[in-house]
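Feature annotations, courtesy of Swiss-Prot:
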- Arg98, Arg108, Arg136, Asp227: substrate binding site (BINDING)
- Asp227, Asp251, Asp255: Mg(2+) binding site (BINDING)
- Gly289, Ser290, Ala291, Pro292, Asp293, Ile294, Ala295, Gly296, Gln297, Gly298, Ile299, Ala300, Asn301: NAD(+) binding site (BINDING)
- Tyr143: site 'Important for catalysis' (SITE)
- Lys194: site 'Important for catalysis' (SITE)
Amino acid sequence: MSEQNRLLLIGGDGVGAEVVHEAGRIAQWFAARRGLPLSIGQAAFGVEVLNRTGRIMTDDTLAQIRAADAVLFGAIGGPEYDRLPLEQVREEGLLRIRRELGLYANLRPVRYWPALAELCPFVPERVEKVDMMIVRELAGGIYYASPRGIDQTGDGRRVGTNTQRYDDLEIRRIARVAFELARARGGRVCSVDKSNVLESGLLWREEVQACRDAEYPDVELEHILVDNCALQLCLRPARFDVLLADNLFGDILSDAAGAVAGSLGMLPSASFGAEDGGRRRGFYEPVHGSAPDIAGQGIANPLGAILSLALALRWTFRQPAEADLLERAVERALAGGARTLDLLAGAAAPALSTRAMADAVLQALETLAA
């Protein structure tokens, strides 16, 4: 890596600040012990900033985000947001960041952790080979399209409206991400839609198929209706390699698939836009939310954030060997019995604090790197 590899840490709300802090310690280990020339910065975001400035995100933070190669983000959310206009949350929160960075692809790897078998609701034989990548379209669909809003009719009734809309270029753009990933993995893509009742779903199916036929004939493509996909994720999750879905379906299915990991605290994610001069700038975050009920207690699971750092090492900083090392260290820490409260499954062993869990990963890194 060059000297210009800039990692920006943004804790955000609730437990986000705690888990990102620990992931930052891991990043510092790679800089100090592995010689990775990382420039690590921090920026404020969320309720802390809101209380000081009346805004969720300042212009300075947005400028730092634009300048970073990779952003490791914690969480946004909490009761304070309930009193804010929805438009302010859209314009100053994650949707603004996604728009500013041109993020359109959200990747969520889902795998089975043998050390957490007791937490997984599936029998091991059904999930032990699960290693899937969920590719979610992030910039379009029902979360963004217009018209939208809550209106009142002439007879006094209230009506809520949202619009599901995709064009061919948006669909092919995200399809290429899935097909490229499949080429480097098992060579299989399963595309999710609701083409039997939605015109947007029919276009999705047609364009994904056309993209595959024209550009990726070597990749196996299957189409599946979203309701059947939800069922198959419960019955045969190991059948999926790369799962491609639109914004809404991808949002829902990725959380459902996360049950394989045993805890939302184990799930990382990455979001990308177009490559910039051969570099893939990324926005990385654990899937779990801000968890205000446990914020400030030092008991949150930092592994989702730490595994998100591994994704940054792999995809933005192009250090796959270092990413593999970090993922093996997480696996080793878990195999050695390291558990935060969400990973105990009723066991008698004491729960580790957020910091102690990160310490267990650091110890595993030292052992594996020796």
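Placement of Cβ uses the backbone N, Cα and C atoms for every residue, glycine included.
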- Query: If you run the three-state DSSP split on Asp293 (NAD(+) binding site), which class comes out?
  - Reply: coil
- Distance check against Arg136 (substrate binding site) for the recorded positions Lys194, Asp251, Ala295, Gln297, keeping those with Cα within 10 Å: Asp251
- Message: Around the C-beta of Arg136 (substrate binding site), how many further C-beta atoms are within 10 angstroms, looking at every protein chain?
- Response: 28
- Proximal but sequence-remote residues of the same chain as Asp227 (substrate binding site) (Cβ under 8 Å, at least 6 apart): Lys194
- Task: Compute the C-alpha separation of Ala295 (NAD(+) binding site) from Arg108 (substrate binding site), stating it in Å without decimals.
- Result: 24
- Determine, to the nearest whole angstrom, how far the Cα atom of Asn301 (NAD(+) binding site) is from the Cα atom of Asp255 (Mg(2+) binding site). 17
- Message: I want to check the contact list for Ile299 (NAD(+) binding site): same chain, sequence separation of six or more, C-beta distance under 8 angstroms. What comes out?
- Response: Thr340, Leu341, Ala351, Ser353, Thr354
- Task: Please name which of the recorded positions listed here, Arg98, Arg108, Tyr143, Asp251, Asp255, is nearest in space to Ala291 (NAD(+) binding site), Cα against Cα.
- Result: Asp255
